[in-house]
Amino acid sequence: MVAIVEVKAREILDSRGNPTVEVDLKTEQGCFRAAVPSGASTGIYEALELRDGDKTRYNGKGVLKAVENVNKVLAPALVGKDCREQAALDRLMVEELDGSKNEWGWSKSVLGANAILAVSMALCRAGAAAKGIPLYKYVAQLAGHEAPEFVLPVPCFNVLNGGKHAGNSLAMQEFMVAPVGARSFGEALRMGAEVYQALQRLLKAKFGLAATNVGDEGGFAPDIKDPREALGLLVEAIRAAGHEGKVKIMADVAASEFYSKEAKSYDLDFKSPAADAHRLLTGDQLKDLFKEWSEEFPIVSIEDPFDQDDFSSYAALTAEIGSKVQVVGDDLLVTNPARIRKALQHKACNALLLKVNQIGSITEAIEACKLAQASGWGVMVSHRSGETEDSFIADLVVGLRTGQIKTGAPCRSERLCKYNQLLRIEEQLQGRCTYAGENFRNPSN
């Protein structure tokens, strides 16, 4: 037994200057720290992120209540327990100490997913240390991969920002480049950085220096409105960097952010102050637009193409382009096994975006991943737009063998710490791993 001797939480700041929860969990082997991220475009079905609501402090976004819940509720219950009991202790926190539920499962609405997850992540680090193995190997064991061949993921770099992540006119949230033709993760990182730098030069020449300002995730945020123009810029940057054919395009539409439930339509110009009914698109019209783009551009993945409840549009798109394009559910699924099962029934998508803070514990995140993988889906591990310097998801993606990760542009330290940790893992494995490459949708085959 390796007993937990202390658990302490504090309020720190994330990459947007908003408060978040950090936890130190101590055993006889040392102190293990974790910090949780937060999103800007959040799905309505995500587990509850507990905020204080005190408008006189951090505009109501303080997390002192969540910190108190760790220190006064979770800590006393965990001290003395074996840190290697990840699943049992996650269940204790989620089902007994919090206990709140909704139609989709455990909602964490009493203690807060941000409180529980911070402890769960720190606990995972302590468990790995107790077993004397790297975090990614411990995650693999927790997932039931006893002797896995490790897979290094394709990094999906968000190089053009729009939506809620940037102050420009672009409705769609992320335009990414994915070096599927690289031979290793290290080479993929180089390719991504070279495309990013080529794009910077291109934007400066076309639109001026202001166009190279960056958004929340390190991508550029030029004041363009047409998604087709954004896609064309990526094609041009890939060509200029000398990586045509080896670097593909991915998009995160985040369509729930510009969907009107009343009008049952999508507004690709939702940031414009002037309302115009003529620019609204039905789900079917938007589907046809995605299909057109997938034929015109080297697009291999589209995330959240429709509203989080528009299962029929998802299913129609997946049926039409799903064999050659990954259709990813983020707000649709919120890393929730119950939502994944519903999507499977509807044949709504063919990939899961895995965000640990959407579900609120490492055990539940692993369960969601395994369900998706067992169903033949792809799985992409993801950061959030409000990030910290915690690199946990780098080890998570290797341990779960999902083959793809998105954690921003090759810019801003809270993004690069994940990519750099993956470089270290690849170096540590020294040939005892493969790079997912073009098999990113199903790297185990």
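The backbone N, Cα and C atoms fix where each Cβ goes, and this holds for glycine too.
According to Swiss-Prot, the features are:
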BINDING   HIS165, GLU174, GLU303, ASP330, SER382, HIS383, ARG384, SER385, LYS406  substrate binding site
ACT_SITE  GLU217  active site, proton donor
BINDING   ASP252, GLU303, ASP330  Mg(2+) binding site
ACT_SITE  LYS355  active site, proton acceptor
GLU303 (substrate binding site) versus recorded positions ASP252, ASP330, LYS355 - nearest by Cα: ASP252
Rounded distance in angstrom between the Cα atoms of GLU217 (active site, proton donor) and SER382 (substrate binding site): 12
Integer Cα-Cα distance in angstrom, the residue listed as 'active site, proton acceptor' to SER382 (substrate binding site): 5
Extra residues within 8 Å (Cβ to Cβ centroid of ASP252, GLU303, ASP330), Mg(2+): GLN173, GLU174, ALA251, VAL253, ALA254, ILE302, ASP304, VAL328, ASP331, LEU353, SER382
Residues that sit under 8 angstroms from SER382 (substrate binding site) by C-beta distance, when 6+ apart in the chain: ASP330, LEU353, LEU354, LYS355, ILE393, ILE405, LYS406, THR407
CB contacts for ASP330 (Mg(2+) binding site) [other CB atoms within 10 A, all chains]: 28
ASP252 (Mg(2+) binding site) versus ARG384 (substrate binding site) - Cα distance in angstrom: 13
List of residues, in chain order, with Cβ under 8 A from that of ASP252 (Mg(2+) binding site) and at least 6 apart: ASN158, MET172, GLN173, GLU174, MET176, GLU303, ASP304, VAL328, ASP330, LYS406
